[in-house]
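Trainee: Before I ask anything, here is the structure I am working with.
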Amino acid sequence: REGQRGTGRRWRRRQGAMLERAAFFGVTANLVLYLNSTNFNWTGEQATRAALVFLGASYLLAPVGGWLADVYLGRYRAVALSLLLYLAASGLLPATAFPDGRSSFCGEMPASPLGPACPSAGCPRSSPSPYCAPVLYAGLLLLGLAASSVRSNLTSFGADQVMDLGRDATRRFFNWFYWSINLGAVLSLLVVAFIQQNISFLLGYSIPVGCVGLAFFIFLFATPVFITKPPTGSQVSSMLKLALQNCCPQLWQRHSARDRQRACVLADQRSPQPGASPQEDITNFQVLVKILPVMVTLVPYWMVYFQMQSTYVLQGLHLHIPNIFPANPANISVALRAQGSSYTIPEAWLLLANVVVVLILVPLKDRLIDPLLLRCKLLPSALQKMALGMFFGFTSVIVAGVLEMERLHYIHHNETVSQQIGEVLYNAAPLSIWWQIPQYLLIGISEIFASIPGLEFAYSEAPRSMQGAIMGIFFCLSGVGSLLGSSLVALLSLPGGWLHCPKDFGNINNCRMDLYFFLLAGIQAVTALLFVWIAGRYERASQGPASHSCFSRDRG
């Protein structure tokens, strides 16, 4: 009976995770297209920045959700409240997808001036402030907070359900958990992205709301069989005190003097508090200082990784997107022929190349490649895999830059095709969008070697009492990479920047996004060399006689 309860708990956790990931990808897949549509008329750079800000917030705020769960809420209540916030915040997108809802939340869209924007041909044209920006950014940040809290607590709460079944059950849980979230991404990209691009943003963004609502219902329905644990406290305050003591000793002396005076006054009123000893705090702080440089040098990889949901999407909208059905085919229905329209392949479907390669290669690597390398004593460490993943990320953005150069070559020779995506007309190059598949495949391969071993490194190298905190820092630094990418886009969108497109409002045909991609590649290359140096020092230090790191175990 206990085994059946454990199976039920795992099934409900994986189903909830699949629905939450389906909702997340349903929001992000076409967010650039949604903001770039006639609903809001945001420029390509403005829509890209908003997408990167949301993606960054959904990772950057992960420590907040983890800290609240550790100190106040416990993981069960943290997940439940996060799903409730998720449900409320995700409702903003369908609410602004129809005119009455938009006017209620945002007011009326400012009318475009009728006169010429520039008195001369060469004058600069400034982009207007984006319509409904405060409301949308507030909603996206709340949605990012909810998504990050679910991300930081859902995995560990799910693992709590199978701890009593042994380490093998825990390992299998993580494998199937990872598969479930990618399966949710596949379903969302296949169905939701198609509806958003070809039918209606209102219907397309209502489906993620339904997914979150169903996940919340399943979570509450399964409450009687869940194993819940009370909050156990957090060592964040201890880490901050030690950091203050090492960085600012004079300030620390004044602070500690006040603490000693307060302790003397309240000594009789205090009861002993459970927690880590001062020596354990110092040891944990030393481990944190040792691990942080490794994780920080991974930040530029995340800058590249999140391009697939921002600038890669924007680039794809300016490539030729073929129709799923030919124009007015003989076997089309009378109603569709009368409309004179056909469905186009959703640009977001190219994200499937990333997801599918992960779904295929993860079990192949786990069951075939890694055991073979282990028998030959050639299995690389987690840090070596991360360096390889950074190389694949570098090649992805290089391929994107070369494709953008070729696209601009057609544009500058006035070889363009007009294509309507939703209600927006794009002047695209005659290059097929399928040329983007290599850069998405390379990002998918990089995820296998950088992201998954990165999680392994953060979890295995952290002390048991700090695993949650360091995992939160890992996700937080992922968000830092996305926000740095957004800041770089904003900087290069200023007058004179590579992404400033004054003559081609709404399109990117007069931007130099190829130079932006090559700049990212250069940043990635330099920090990859730095990462290799830092990782080498870390591994040499971890091979000492007192070492118990995962890397010596990896080498068998």
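Cβ atoms are placed via backbone N, Cα and C, with glycine included.
According to TrEMBL:
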- 21-38: transmembrane segment (TRANSMEM)
- 50-69: transmembrane segment (TRANSMEM)
- 76-95: transmembrane segment (TRANSMEM)
- 135-154: transmembrane segment (TRANSMEM)
- 175-196: transmembrane segment (TRANSMEM)
- 202-227: transmembrane segment (TRANSMEM)
- 287-305: transmembrane segment (TRANSMEM)
- 348-365: transmembrane segment (TRANSMEM)
- 386-403: transmembrane segment (TRANSMEM)
- 440-459: transmembrane segment (TRANSMEM)
- 471-495: transmembrane segment (TRANSMEM)
- 515-535: transmembrane segment (TRANSMEM)
Trainee: Determine which residues of the chain contact the transmembrane segment (135-154) at the Cβ level, with the cut-off under 8 Å and only residues 6 or more beyond its ends counted.
Mentor: 13, 16-17, 20, 24, 27, 35, 40, 50, 53-66, 68-69, 75, 78-79, 81-83, 85-86, 88-90, 92-93, 96, 105-106, 468, 471-472, 475, 479
Trainee: Suppose I define contact as three or more CB-CB distances under 8 A, residues 6 or more apart in sequence; do the transmembrane segment (50-69) and the transmembrane segment (471-495) meet it?
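Mentor: These two stretches do touch.
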Trainee: Are the transmembrane segment (440-459) and the transmembrane segment (202-227) close enough that 3 or more Cβ pairs fall under 8 Å, when only pairs 6 or more apart in sequence count?
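Mentor: Contact between the transmembrane segment (202-227) and the transmembrane segment (440-459): absent.
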Trainee: Could you tell me what the rest of the chain brings near the transmembrane segment (515-535), counting residues at least six beyond its ends with Cβ under 8 Å?
Mentor: 293-294, 297-301, 303-304, 307, 311, 383-384, 386-387, 390-391, 393-394, 397-398, 400-401, 404, 485, 488-489, 492, 498-499
Trainee: Hey, does the transmembrane segment (175-196) touch the transmembrane segment (21-38), meaning at least 3 C-beta pairs closer than 8 angstroms, sequence gap 6 or more?
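Mentor: As far as Cβ distances go (cut-off 8 Å, pairs 6 or more apart), the transmembrane segment (21-38) and the transmembrane segment (175-196) touch.
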Trainee: Tell me if the transmembrane segment (287-305) touches the transmembrane segment (471-495). I count contact as 3 or more CB pairs below 8 A, with pairs 6 or more residues apart.
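Mentor: By the criterion, they touch.
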Trainee: Count the CB pairs under 8 A between the transmembrane segment (287-305) and each of 76-95, 175-196, 386-403, 440-459, then give me the winner.
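Mentor: If we count Cβ pairs closer than 8 Å to the transmembrane segment (287-305), 440-459 scores highest.
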Trainee: Go through the chain and flag residues at least 6 beyond the ends of the transmembrane segment (440-459) whose CB is under 8 A from any CB in it; none is fine as an answer.
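Mentor: Same-chain contacts beyond the ends: 178, 291, 294-295, 298, 301, 304-305, 307-308, 312, 350-351, 353-358, 361-362, 365, 382-383, 385-386, 388-393, 395-396, 399, 467, 470-471, 473-474, 550.
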Trainee: With a Cβ cut-off under 8 Å, give me the same-chain residues at least six positions beyond the ends of the transmembrane segment (386-403) that come close to it.
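Mentor: Same-chain residues near the transmembrane segment (386-403) but 6 or more away: 298, 301, 304-305, 307, 311-312, 315, 380, 431, 435-436, 438-440, 442-443, 445-451, 453-454, 457, 514-515, 517-518, 520-521, 524-525, 527-528, 531-532, 535.
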